[in-house]
Each structure stands twice: as structure tokens, then as C-alpha cells.
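One structure is given here, and the rest of the page talks about it.
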Amino acid sequence: MDVAFSNQYWLISFLQSLLLSICYVGSLYIYPSPFRRDHPTTIKQRIKSVLIVCLLAPIYLYLCSTEEGVKYPLWEWIGFRTKGFFSSLFLTLFLTVILFTGPLVQIIITGGFKEFLKEIFTLNHFKNWNFYRVAVVAPFTEEFIFRACLIPLLKKSFDHKTIIVLAPLFFGVAHLHHILEQLRNGTPVLEAFLVSLFQMVYTTMFGIYSAYLYIKTGQLIGIVACHSFCNLMGFPDFPGIFSSRYPKIVSFAYIIGLVLFINLLYVFDNSEFLRSFIWSSDINIYYGDSFL
């Protein structure tokens, strides 16, 4: 089933993307739960909801596709490609691990690396529904909807550089719904707002990185693996750098990781090896009366 996504009025693409984002977030509240978001019952209900949205999303994309433009199979548009599967998985994950050099060294120095691995791979952990939500379901469904599905919709009206910034805004703003749960749990309004705002900022920043990787490689597997790894690592413990036994070593690891990441990203960006058709086929921005 070959489809195209090109040359459409920008507001239509924006609204189509907004509707899909609302459906994803709204599905989390289809089954009202008296329990908190970490309760197994709530997690199971939400997993069912978001998976239904993911199953319906390709149909939605097909209905939103355009007649004109270069056509590719729908499944390739949403990141299910055999070409470059393993190389994309390895290189994107390797790039992300390099970025986390500092936090990884920090965990090793504090003696928590064995505990970190034990926590991830223990049998009891695999029976924990929260683990599946954080490491499997959230990475897959969020990357599928906010990258694999939103990017083709936005591709109809925007160039890839604009999409790399625009698509993550849907992803970041979508996380603001957590403020409702915090308020319900008794968190003060200002604290709930600041926590949610911070979460929106760093998820948007991650979304920019993930959107770039997806447009560059055209592979869903790589960004899902990166998302899962980042969720398991958590946000870097910057204050913990100075309270560690070897703050200079940890600080140096953070700097080295960032420098290596930037240089490798430059090499990655200029490489033709993993360049997908999404990256290669750029379009003009249509504002209604003329192409600019």
C-alpha cells in the first residue's frame, strides 16, 4: 500500500497532528481509575488504551495521506523497514550511550552499577508492570505516535528541519497532563506546575533528538531502544556529581561524553549510510496561496 505525504496547507497538517496527539493522551483517561498511575490496575488499563490508539493510527495516516507526491509503502513511513534495521539499532543506541557516559561513570563510581543491572534484569522486575510501562510500552507507543506517525503528517507541509523542532512540541506538551494526577494526589499547585513544566522541557529536548534520529534513519526500532535506555537511566543526577567520591573524574566523564557525542553526531549527520527517504525528500511549505 503505497502512500504519499506532501504539499498540503500547513494548518491541516498541524490540526491532524494535534488530533492524533489528543487521542493518545485522551486514551489514558478512558478508564477512570481510583488508583495512582503506578498502580498495576491503572497501568494495565492505560496499556490497553494506548495500544488501541497505536493500532488505529496507521488507518488514520492512510486517510490523511495525499494523492500527489512521491509514494512509499505506509509501513516504511511509520518506521517498519528491513533495510538498515540492525545498523540503525546499533548506531543510534551507541550514540545515546556515549551521551550518557557521565551518568554511567557516576553509577559505577558510586558502586551502584551492579545494583542498577540487578534492578533491571532481576526476575521480579520483569513481573513488575511499572517496568513494562517504563521500558517497553511507553517507549514504543510514544515513539510510534509522536515520531513515526506525526512526522509523516507534518511532512506534508514542513521541511525536516522544522519538523525536528515542531513534532517534539506535541510530545512535550502531551506530558503536561501529569499535572492533573499530581494535583489529585495532593501536590501543591505551584510545585505540580513546576515539576510538569520541567518534564515538558526535557521531554521536548529528548523529542528533538529522537525526531532527528527518526527522520535521518527512517527506523522505529532505533529510537524505541534509545527511549527505553533513557527511561531506565533516568534524568542525570547533576547535583550528585559534587557529592561523589571522585567529583573530578565524574565531571570529566560528563564533559568527555558530551564532546564525543557532538563529534559523533556530526559524523552521523554527514553520513549517507543511514539517510532515509524521509530525510532525502524535502518539500516546500504551503501557506495556501503559494509555495514559499
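Even glycines carry a Cβ here, placed using N, Cα and C.
A TrEMBL annotation is a machine prediction, not a hand-curated record.
Copied from TrEMBL, the annotated features are:
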type     : residues : note
DOMAIN   : 129-233  : domain 'CAAX prenyl protease 2/Lysostaphin resistance protein A-like'
TRANSMEM : 9-31     : transmembrane segment
TRANSMEM : 43-63    : transmembrane segment
TRANSMEM : 84-109   : transmembrane segment
TRANSMEM : 162-180  : transmembrane segment
TRANSMEM : 192-213  : transmembrane segment
TRANSMEM : 220-243  : transmembrane segment
TRANSMEM : 249-268  : transmembrane segment
Exercise. Mind checking which residues reach the transmembrane segment (220-243)? Cβ under 8 Å, same chain, six or more beyond either end.
Worked result: 78-80, 85, 88-89, 91-93, 96-97, 100, 102-104, 106, 110, 120, 134-136, 138-140, 142-144, 147-148, 202, 206, 209-210, 213-214, 250-251, 254
Exercise. So, by DSSP, how many helix, strand and coil residues make up the domain 'CAAX prenyl protease 2/Lysostaphin resistance protein A-like' (129-233)?
Worked result: 95 helix, 0 strand, 10 coil
For this session: Please give the sequence-distant neighbours of the transmembrane segment (9-31): residues at least 6 beyond its ends with Cβ less than 8 Å from one of its Cβ atoms.
Result: 45-46, 48-50, 52-53, 57, 60, 64, 141, 145-146, 149-150, 153-154, 156-158, 167, 170-171, 173-174, 177, 285-288
Exercise. What is the pLDDT of the domain 'CAAX prenyl protease 2/Lysostaphin resistance protein A-like' (129-233) when averaged and given as a whole number?
Worked result: 90
Exercise. List, by number or range, the same-chain residues at least 6 past the transmembrane segment (249-268) whose CB is under 8 A from its CB atoms?
Worked result: 91, 95, 98-106, 109, 216, 236, 241, 274
